[in-house]
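In what follows, a structure is listed as structure tokens, so that the remarks can point back to it.
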Amino acid sequence: MVRKNAQEFLDRGSKFHEHGAFEEALKYYNKALDYLKNEDDKKTEADTLLEIGNIYVESEDYKNGQDYYEKSLKAYEQAEDNTGEGYALTGIGLIQEKLGKFVEARGYYLDAINKFDNKKDQERKAVVQSLVGGTYESQDAWEDAIIEYESSASIFEKMGERVREKGINKLIQEVSSKRSKVKSTRNEKILAVTYLVGLILAELCVTFLNKELGLVLETVILFALLINSSFNVSHNYSILLRSMMVLPMIRIIGLSIPLLQVPTLYWFPVIAAPLFAATYTIMRSQGLTRKHIGLIWGNKKIQLLIALTGILLGTIEYLILQPKPLIATLNPVNLIIASVILIISTGLAEELLFRGIIQKNAENVFGTLLGLLYTALLFTALHIGWDSFYDLIFVFAVALFYGYAFQKTRSIIGITLSHGLSNTFLFLIIPFYAPLLFQLF
């Protein structure tokens, strides 16, 4: 009898809800809840709480809406209903998005996607994936928005949902059009150039004049970036400046390493550790996933071809710099250990930062071409310490190549391996075969 009365109130509440009579609907839903408290039916209780949350959101009462979504989430968890949890999480995400809290909204959406994924609910997954894309679009993070929309469209395509796929593809076209029209302000360009020049001057000072003065300049740049990123009006520009804070940190840490008396080979992981930490922090603050920073394979054949360019690039750079080997003897054990260190510490750490984060952020501010160019110049500036003009030209060309490869594939796997292989040949292999190499050239 109790169950029957509860269902009767639910049906009445649903009818009033459909006709927009929210107060009447709430009255009957709450009566149903009173009956359901005496029933061991968490699923129906959770559904009712979810509907009440929907009514409050439709009434733009987001505080009560979130409260009921959270109650429904707990009830769904008790009922072990992943699909219901996904709906509740989506509802909370929608509220966060309406409040302009896009990073928080993405967190709830991604949790919802995981729940729908667990139940193989591809349709709902695709819908929420498009909502994630919408949060990025609202922040003018064009490339991230396109990535999410493409994932959503791909799912609808596999499901044969042509109408929905067409709708998402239309969104992709609109975002692509917006991205092509990106124009930074004059002040943003001036400030970006100022920081680039500042980094170049600091690197020149460290290399040719006075390390202590260079350290002071790097510290000033670091704090200036922190202050500017906090007070800048543009969301994307603030994110770019925050991601650039890692650059002076690299040099500050690098100047401290000799004091630790660490062997040269192990300088790389010492510097890479804070790079990984900074990258993780930036990813969390921007709500980025592996997909957004390029930690995906994509077309494996293309990634392999890109990776193999590292052999040629390492050989060319050796002819320019001719460094001493970082290992005492060339044997399999030394080579494997040192190669892994270089691939992770230079290839992965630097490509995550420069291509996966800084270039992507620069593209959102300056557009595709200028974003690529600006990132390449920043990357080149940090190689001034090698004291070779020809190497700077070479590094700039390589940075353009890596950046272009990232733009086309949106994967850093190939360029990471290329970068790591390049340094492996530069510092570990070719120095032992230099006489033979110079005979060939």
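Cβ coordinates come from backbone N, Cα and C, glycine included.
TrEMBL annotations:
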type: REPEAT; residues: 6-39; note: repeat 'TPR'
type: REPEAT; residues: 46-79; note: repeat 'TPR'
type: TRANSMEM; residues: 190-209; note: transmembrane segment
type: TRANSMEM; residues: 215-233; note: transmembrane segment
type: TRANSMEM; residues: 240-260; note: transmembrane segment
type: TRANSMEM; residues: 266-283; note: transmembrane segment
type: TRANSMEM; residues: 304-321; note: transmembrane segment
type: DOMAIN; residues: 333-425; note: domain 'CAAX prenyl protease 2/Lysostaphin resistance protein A-like'
type: TRANSMEM; residues: 333-353; note: transmembrane segment
type: TRANSMEM; residues: 365-382; note: transmembrane segment
type: TRANSMEM; residues: 388-405; note: transmembrane segment
type: TRANSMEM; residues: 412-434; note: transmembrane segment
Give me the stretch from 240-260, 333-353, 365-382, 388-405, 412-434 with the greatest number of Cβ pairs under 8 Å to the transmembrane segment (304-321).
412-434
Winner by Cβ pairs under 8 Å against the transmembrane segment (333-353), considering only 240-260, 266-283, 365-382, 412-434:
412-434
Which one of these stretches, 240-260, 365-382, 388-405, has the most C-beta pairs shorter than 8 Å to the transmembrane segment (266-283)?
240-260
Using a Cβ cut-off under 8 Å, which residues of the same chain at least 6 positions beyond either end of the transmembrane segment (240-260) come close to it?
192, 195, 199, 202-203, 206, 211, 214-215, 218-219, 221-222, 225-226, 228-229, 232, 267, 270-271, 274-275, 278-279, 282, 285, 353, 357-358, 361-362, 364-365, 378, 382
Sequence-remote contacts (6 or more beyond its ends) of the repeat 'TPR' (6-39), Cβ cut-off under 8 Å?
45, 48-49, 51-52, 54-55, 58-59
In the predicted model, what is the mean pLDDT computed over the domain 'CAAX prenyl protease 2/Lysostaphin resistance protein A-like' (333-425)?
95
